[in-house]
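Undergrad: Just passing along the structure, written as structure tokens.
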Amino acid sequence: QAANPYWQSRGSVISGGRFRCPSCRHEVLLDRHGVYGLQRNLLVENIIDIYKQECSSRPLKKGEHPMCKEHEDERINIYCVTCEVPTCSMCKVFGAHKDCEVAPLQTVFQGQKTELNNCISMLVAGNDRIQTIISQLEDSCRSTEENSEAAKRELCARFDALAAVLEEKKLELLERITHEQGDKTSFVQGLIRRYKEQLEKSSRLVETAIQAMEETGGAAFLMNAKQLIKTIVEASKGGRLEKIEHGYENMDAFSVSLEHLAEAVRALDFDSAEEDEEYFDGEEEEAEE
């Protein structure tokens, strides 16, 4: 309320404040009722009321105030600064603390209570910082998981793209082999047809020659023999067809070496993480601080 510039003029709590509960860390939003609109803990209020009633109805007893162990009738009413213990006036005058420096008990009480209150504030602030760090670490954990999943998806996409390129190249090379295979087999099959045609002609000439040899009449034989011999000689000379070269069926020219690619794939690794190392070094220095 004191930090609110409108508090003095309006006389009521301005809504909109936010803070976290020191116990459960749940975020609390102040409405127009301010701190008086927060949820009440009826159990704690009842305990406080009962305690106040008991204190007000109970008479003050002598034993309720700490008494000196050395002087049973003396109340502890001063503080020995030298020994840092509460004591009584008799101990200061005649007892163990007669040579010590003392101070009023209430003064030391207020001072140490203020100091303890400051320690509590420091501890609460430290707890808030720890809670903030925990929240940051939890956020970092979630971000790490999300970034890891994204990195996995990206890596899978890159390898899938590489596999697609390899598959495309494989189909292209297979197509070239198939085309070469078609050209060679077509050429060889054409030679086979031509050789078969020549063989068929030669077979017919052989049959004709055999029939001529069976002719017993000299005149009849000589009428056809000369032309038949000429046809056989010409067929023999013109029957030299094209042949394929040695190793024509060999397909070694289509051999592909992928060892260098395999080595490159085996050597694949993530990019240098110098920035990450600098980041972690900074984290370690921060942790040491």
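Cβ atoms here come from the backbone N, Cα and C positions, even for glycine.
TrEMBL does not curate its annotations; it predicts them automatically.
In case it's useful when we look at the structure, here is the feature table from TrEMBL:
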DOMAIN    63-105  domain 'B box-type'
COILED    127-154  coiled coil
DOMAIN    213-271  domain 'COS'
Undergrad: Quick check on the domain 'B box-type' (63-105): DSSP residue counts for helix, strand, coil, in that order please.
TA: 8 helix, 11 strand, 24 coil
Undergrad: On the 0 to 100 scale, where does the mean pLDDT of the domain 'COS' (213-271) fall?
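TA: The answer is 83, the mean pLDDT of the model over that range.
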Undergrad: With DSSP as the yardstick, break the domain 'COS' (213-271) down into helix, strand and coil residue counts.
TA: 32 helix, 0 strand, 27 coil
